[in-house]
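Below is one structure, written out as structure tokens; comments come after it.
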């Protein structure tokens with residue numbers, strides 16, 4: 001330890017009433033680095049732990065149950081319950097924002113999650129926020145989507161999902177602001193706005209989604225390695241990556257944050273470089289194919305499929321991949337709801353989402369369509385015998401650019417590991433939140449002294465063993481199963497958010513409440529939520545059709561159905577099981593019976609109008625550039 005002494009073990013000296021308070025550095029020290037979390041001893045100490053305690057002993061002691069007394073919470077912070085609804089790639093960004101505040105909402109409520117340590121710094125949050133969305137769905141899953149739909153179908157699918165997502169962000173932002181301290185976050189909205197059974201089923205399917213993501217990413221990592229070698233058993237790499245992910249999570253939030261900082265730096269640099277290089281290759285400035293332009297939109301074509309029905313199926317199949325790629329984007333509305341001026345931040349977050357959809361997703365997808373033909377035998381999901389690779393690698397390597405594809409593939413591997421790391425971390429925390437909501441056994445609420453939900457982490461680790469199918473010849477089939485579960489689960493969550501918003505607005509109207517009580521009103525209103533809800537139901541119906549009658553086949557296929565639609569039977573089973581167990585057969589909560597007061601923050605309508613008028617006046621009297629920034633940002 002350094003000469004600054006061990007801040008984590010400062011004791012009461014000579015039993016006096018004077019407390020020695022730890023400095024802000026406490027927040028940066030994980031427990032297993034520090035030792036015991038015991039209550040202050042009545043025996044005098046020199047102000048730090050005795051030196052004869054070994055590092056090994058302190059490490060093993062850190063796995064003991066965390067005490068939940070007031071004196072033991074000096075280093076603990078309230079983990080906001082909204083983490084149950086946050087995507088892995090962004091989940092810890094909210095933890096940081098809560099840590100930055102000295103008066104966290106709901107602090108010291110006695111929740112088990114109070115023991116989770118606050119160790120994430122602003123630099124971590126910045127890179128985690130920027131890297132959100134750059135994962136398997138965008139970097140690898142788009143290969144299968146391109147094969148099924150063609151470049152135009154892929155673009156249409158992402159554009160449709162992008163329009164839906166914008167409405168979801170608006171609805172989520174409105175409810176996140178008024179229910180900012182609700183246990184369970186937006187996974188809890190359906191429970192008191194729609195129906196308890198529906199809320200239970202959606203919450204568990206959402207947890208299952210992130211349980212599936214970890215083995216999905218590990219399988220994807222082994223597939224990414226095949227670009228370099230196919231002679232080594234893929235399970236060897238799965239073991240290496242599996243141990244790496246668990247080791248990172250043994251170090252708790254601090255290990256997660258540092259790993260994500262490195263991973264996301266690499267992802268941002270790679271995507272920026274690919275965008276620039278892709279344009280140069282397409283116009284003939286690099287590679288050996290000269291000017292390419294939109295050649296592949298004519299040969300082999302903009303859509304895959306000889307008949308219109310096959311083309312439609314291709315677009316429908318793309319929507320699930322797009323949902324998986326967009327997964328977690330709703331988190332932006334959650335975090336902005338907790339900033340100093342959320343009423344102004346949420347509209348900015350919606351604009352930010354538009355820019356992310358346009359530049360991060362649609363722009364790179366257009367480039368992929370220009371540079372990679374959908375009939376390439378190297379694309380995942382193709383029937384050719386070529387070595388499968390990410391479409392981003394193929395986009396560069398197939399045009400004669402050397403060395404760079406290896407760097408891109410390496411960064412894609414890091415991106416995949418980043419998602420595996422995030423999903424493992426988050427699935428364990430989801431189990432913790434389900435336990436606090438009463439939806440899971442209390443054993444999952446076990447928190448050790450280092451702030452790790454050990455039992456939940458053990459379940460996540462066992463589930464990740466599915467990844468060892470990587471050596472199986474059915475590897476791509478397993479990838480399809482896991483991707484379908486994750487993608488459909490995301491659609492269920494988004495549908496639940498929009499349906500909850502519709503019920504919330506209906507209850508406000510029936511009970512005679514003014515919308516002026518809301519700190520922020522969705523710019524798309526109930527019509528936007530209705531559009532998003534209807535579109536997602538239609539997508540689920542279309543996906544059902546694709547599942548029972550796969551693309552290119554005219555006959556029904558039971559195996560293909562479960563490969564692509566397994567999440568739906570799981571949701572139905574959970575819903576019916578809850579209804580049978582609780583003998584509760586009502587379909588929904590009546591609008592006049594919905595509790596609009598509990599957990600809700602009610603804003604002063606007159607004060608809001610005054611603030612809005614003052615803001616507009618400042619813009620009118622301020623410099624022109626501020627009006628430009630306000631319009632675009």
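Just so it is clear, glycine is given a Cβ too, placed from its N, Cα and C backbone atoms.
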> Which range, 511-531, 532-552, does Swiss-Prot list as transmembrane segment?
Replying inline: 532-552
> Same topological domain, and so the same side of the membrane, for residue 173 and residue 557 in Swiss-Prot?
Replying inline: no
>> Looking at 86-116, 117-147, which stretch does Swiss-Prot describe as region 'Disordered'?
In response: 86-116
> Looking at the ranges 64-84, 232-252, 379-399, 589-609, which is given as transmembrane segment in Swiss-Prot?
Replying inline: 232-252
> Per Swiss-Prot, which of 173-195, 288-310, 403-425 is transmembrane segment?
Replying inline: 403-425
> In Swiss-Prot, which of the ranges 32-52, 200-220 has the region 'Disordered' annotation?
Replying inline: 32-52
>> Assess whether the transmembrane segment (198-218) lies in contact with the transmembrane segment (403-425), where contact requires at least three Cβ pairs under 8 Å among residues 6 or more apart in sequence.
In response: yes
> Which one, 149-169, 232-252, 403-425, 453-473, 532-552, has the most C-beta pairs under 8 Å toward the transmembrane segment (314-334)?
Replying inline: 149-169
>> Pairs of Cβ atoms less than 8 Å apart decide it: which stretch in 403-425, 453-473, 478-498 has the most with the transmembrane segment (149-169)?
In response: 478-498
>> Under 8 angstroms, Cβ to Cβ: which one of 232-252, 353-373, 403-425, 478-498 has the largest number of such pairs with the transmembrane segment (532-552)?
In response: 478-498
> Which listed stretch (353-373, 403-425, 478-498) has the most C-beta pairs under 8 A with the transmembrane segment (232-252)?
Replying inline: 403-425
